[in-house]
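> Questions regarding the structure given below will be posed in turn.
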Amino acid sequence: MGNIHIQTKSKEYDVYVGKESLSHLTTIVQNMKPSVSNIMIISDEAVASLHLQMVVDALQIEKKVFSFVVPSGEKEKSFENFYAAHTSALENKLDRNSLIIALGGGMIGDLAGFVAASFMRGIRFVQVPTTLLAHDSAVGGKVAINHPLGKNMIGAFHQPEAVVYHTPFLQSLPEKEWRSGYAEVIKHALIGDVKLYHWLKEEVQTLADLRDEKLIHILTKAIPVKANIVAQDETEKGVRAHLNFGHTLGHALEKELGYGNITHGDGVAVGMLFAIFLSEQVYKVNLAYEEMKQWFLKYGYPKMPSDLNVERLVGLMKQDKKANAGAIHMVLMQEYGVVNVVSIPDETVHIALEAFQKDMV
């Protein structure tokens, strides 16, 4: 098992990664000061049916524990569920000394974290991620819900008390969720750990390799990339935006295709390829785009859909949180491990997207 220490300006906490990580949950709760009054577990239907009782059993404490369960899927990260969670919290008499446990993937972590950030102006919460994708979202304190006009547009920065990454929970994931989460692993390697990138190319030939000791190795290498960036820039005023590599187009694809019709990781994978494609043009460098494209396709990542309207995508990219004064800002790569946020004219993005779309046919 590997423990990773996270340090930000507002809080320090640990990420527990391994096959026995759930055993730490009781101690984490018992050591909180002031003592926890009661506990609300927020989860989704798919995860709750598999893991909720195990988490309740792991909480060997004499506190009231209750659950709030929403349907599964990114579209459930909504204001309606956010409001309903607050209603449940009030009905079950949560107070300022209560604790929320986010049990699930990134959607649940974002929803539960935002409930914790806003209930009585902020109470404590613990992340218990159940997906590979959540190795990214569970760390760093960004919590949010979606708006019909954009993803993660309503939210806050609210750090957890701890992250408990019990890797056996991941074994129930379907292949598409392994692939989705692996895209964020690749992202962390490309922007902040070139040694990990080369290790992935050698050691992860198929998604089935993302198991056991290799999985723990990946998590204990990828999470510190994010931790180091968050330590420098907790509230995304500068370098934290580098973590959005691939996300400008990725989020646009999610919005255009409809949440649930493309996974977050698949969208980010296409977005990273486009960012590399455009970076070669902007920086006049060779980033081995063709080789990277074949590597991504080997894992089953999708191609850029040929029937999407490029002009609409450009419009959606201008709604990205990095956009400034109506201009598209993208994270581009100078070389592996070195990225920058760059303002790109609409016409340049449009021309590049059309060329990228044709190349991916």
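Every residue gets a Cβ built from N, Cα and C, even glycine.
On a predicted model such as this, the values are computed, not experimentally measured, just so you know.
Here Swiss-Prot flags SER72, GLY73, GLU74, LYS75, GLU76, LYS77, THR130, THR131, LYS142, LYS151 as NAD(+) binding site. Swiss-Prot lists GLU184, HIS247, HIS264 with the feature Zn(2+) binding site.
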> Rounded to a whole angstrom, what is the C-alpha distance between HIS264 (Zn(2+) binding site) and GLU76 (NAD(+) binding site)?
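About 14 Å separates the two Cα atoms.
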> Starting from each candidate's C-beta and looking 10 angstroms out, tell me which of the binding-site residues GLU74, GLU76, GLU184 has the most other C-beta atoms.
GLU184
> Which residue among the binding-site residues LYS142, HIS247, HIS264 has the fewest other Cβ atoms within 10 Å of its Cβ, if you could check?
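LYS142, out of the binding-site residues LYS142, HIS247, HIS264, has the fewest neighbouring Cβ atoms within 10 Å.
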> Highest Cβ count within 10 Å among the binding-site residues SER72, THR130: which residue is it?
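Neighbour-count leader: THR130.
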> How many whole Å apart are the CA atoms of SER72 (NAD(+) binding site) and HIS247 (Zn(2+) binding site)?
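Checking the Cα atoms of SER72 (NAD(+) binding site) and HIS247 (Zn(2+) binding site) gives a distance of 22 Å.
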> Between THR130 (NAD(+) binding site) and GLU184 (Zn(2+) binding site), find the distance joining the two CA atoms and give it rounded to the nearest Å.
15
